[in-house]
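J.: What follows is a structure written as structure tokens; I'll ask about it next.
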Amino acid sequence: MTDLTATPAPAEPAASAYDPTAKQKAQAKTARIPIKIVPIEKLKKPEWIRVKAATGSSRFNEIKTILREHNLHTVCEEASCPNIGECFGKGTATFMIMGDKCTRRCPFCDVGHGRPDPLDADEPKNLARTIAALKLKYVVITSVDRDDLRDGGAGHFVECIREVREQSPATRIEILTPDFRGRLDRALEILNAAPPDVMNHNLETVPRLYKEARPGSDYAHSLKLLKDFKALHPDVATKSGLMVGLGETTDEILQVMRDLRAHDVDMLTIGQYLQPSEHHLPVREYVHPDTFKMYEEEAYKMGFTHAAVGAMVRSSYHADLQAHGAGVV
């Protein structure tokens, strides 16, 4: 068996080549994180990891065309989601607002890093117009991290929610937010103006792995965001998601689930982490379906109103069905 743990990491880009305004992906993005990624032997994907390839179906192409026409982004494309073919083919998408350059460098994520562009004042109207044109009954709106904004982007979320409700009143709205770190109280106050139907913020992984997987984020802060929002809006469902396969233990995942319930989170998603490229964190385990089933059973025992748990589950995958299962729609 080949041991790749001693393989030197690729050389960092020369300082003179660094352009903070450019969108950095893969090696360019992860080269500057505090904990370097050390390659390990790539695990063979088991038979239960099956992804439907993106196709050239008319609905798939229609959605991509409309998105480009309105200068919109989806996390499905930017984060290289494995379910993009199925979701686009069924006419669903998770819209990513505030640009396609994130101020964070999370090494599990394939969204590009860089100095963000100014907010697009037309984006809320373009987003709402697109949702109305596609006749979507349920949408997920997420964003890159915008640590450059005083409100973390909360005001832009509110503008998008208002425009969607104006142009497509029957559409239910889930927002998947960044952590608003350093500006949480301000962000929550702003969100009071137009709360969503579902408030989602992902913990992503267990606290022991935060420094490696989520540099710039804080586990306790993310829990506080969810709890504080729920205290302000007890009738709005709260939701969070986790990845497995990064080196966490079963007991650690169960403890995170207990932490979420202790912070009044209603809905849960758990899915298998898949490495976007060799420059991202490696997959350390492909979790067996029996373990996913155990997590699902434990989630309902703990009191979650809905738990979507499985290898190919993602936070916004079949979000409409998740919300329906939780009694939201």
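Cβ atoms are placed via backbone N, Cα and C, with glycine included.
According to Swiss-Prot:
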type	residues	note
BINDING	CYS76, CYS81, CYS87, SER316	[4Fe-4S] cluster 1 binding site
BINDING	CYS102, CYS106, CYS109	[4Fe-4S] cluster 2 binding site
DOMAIN	87-305	domain 'Radical SAM core'
REGION	1-23	region 'Disordered'
J.: Could you please provide the mean pLDDT value for the domain 'Radical SAM core' (87-305)?
T.: 93
J.: What whole-number Å value do you get for the CA-CA distance of CYS102 ([4Fe-4S] cluster 2 binding site) and SER316 ([4Fe-4S] cluster 1 binding site)?
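T.: Distance between the two Cα atoms comes out at 19 Å.
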J.: Tell me which residues of the chain lie with their Cβ under 8 angstroms from that of CYS106 ([4Fe-4S] cluster 2 binding site), as long as they are six or more apart in sequence?
T.: GLU204, ALA213, ARG214, PRO215, GLY216, SER217
J.: Provide the number of Cβ atoms within 10 Å of the Cβ of CYS102 ([4Fe-4S] cluster 2 binding site), excluding the reference atom itself.
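T.: Around the Cβ of CYS102 ([4Fe-4S] cluster 2 binding site), 25 other Cβ atoms lie within 10 Å.
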J.: Tell me, how many other CB atoms lie within 10 A of the CB of CYS109 ([4Fe-4S] cluster 2 binding site), whichever protein chain they belong to?
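T.: Cβ-Cβ neighbours of CYS109 ([4Fe-4S] cluster 2 binding site) within 10 Å number 23.
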J.: Could you give the Cα-Cα distance between CYS109 ([4Fe-4S] cluster 2 binding site) and SER316 ([4Fe-4S] cluster 1 binding site), in whole Å?
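T.: Checking the Cα atoms of CYS109 ([4Fe-4S] cluster 2 binding site) and SER316 ([4Fe-4S] cluster 1 binding site) gives a distance of 15 Å.
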